[in-house]
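The active site, proton donor annotation in TrEMBL covers TYR60. Marked as substrate binding site by TrEMBL: HIS118. Taken from TrEMBL, the feature domain 'NADP-dependent oxidoreductase' covers 43-270. If you look up TrEMBL, you'll see LYS85 marked as site 'Lowers pKa of active site Tyr'.
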Amino acid sequence: MVFKSSSSDNAKLTPSSTIKLNNGAQHPVIGLGTYLLKDSASIAQAINTGYKALDTACFYHNHKEFGKGVRDSGVPRESLYLISKVDPWTGTVRNARQSILQSLQDAQVGYWDLVLVHSPSGGKSVRMGAYQELSTLVEEGKIRSLGVSNYGVKHIEELLNSKPKYTPVVNQVEVHTMHSNSEVVEWCKKQGILIQAYCPLARCRSLKDERIGSVAEKHGATNAQVMLAWLIGRGLVPLPKSGNKERQQDNLQSLKVELSDEDNALLNGLDMEMDVDGQFMIQSM
């Protein structure tokens, strides 16, 4: 897998730029999170603004609106990278398969480019069984790639030790300037597993931080753009959520922000393990 580790690469990136996954597939360098977005127009708008990767989940209960937005955008399905997640705690292992089949029926997008097991919650047999069930959908062409979310190192080691037919290509976890999640991030990089960063803007809690602001001012950027550029420069894929057209556009402009080593050193020093989503403890279960 090729990670964009040099911040100087950011200025050359566009929303169509990709990172090669460990199975050879190409993943866009930035995506749109859609948690609590129930407006199909916002989805279509984001796609027409330039987003190629869009992330949803069974837990979000918005597959119908998500799919309508994709269709209404007028952009060919094959030009997009669509992601969903399945809840492993919904009762039985079999529910993982049924949940994804239902999601495809609701979204009407044909297939998912990537499906993640949303959490390691539910115990070993449930999460392992869910992953195995999803593997059958890869064989049937309903899913192109598999991954996980909120997994700690031991959860992924457990999965890899089982020698799955399809190696996880992604681990989606909370990462932002105030929560580097460094143990999981660095371990996954060594394993060739891409990190998708949810809550990349710390749910707006750092958008007025003066230290980030000092970097933003130097680059004629916003705090949000700097926070996203920091993630992209580390080879992570941020998934900022917004239904607002201007903010969607502004977030894509982070691809043009070129942070210096000095900037990165300052931003690296902001880590305070501030878990805004409350899922960090699950990684240690």
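Heads up, the Cβ atoms here are built off N, Cα and C, so glycines get one too.
With respect to their backbone Cα atoms, HIS118 (substrate binding site) and TYR60 (active site, proton donor) stand 11 Å from each other. Cβ contacts within 10 Å of the residue listed as 'substrate binding site', excluding its own Cβ and spanning all protein chains shown: 26.
Neighbour density at the Cβ, taken as the number of other Cβ atoms within 10 Å, is lowest among the recorded positions TYR60, LYS85 for TYR60.
Taking the C-alpha positions, the distance from the residue listed as 'active site, proton donor' to LYS85 (site 'Lowers pKa of active site Tyr') comes to 9 Å.
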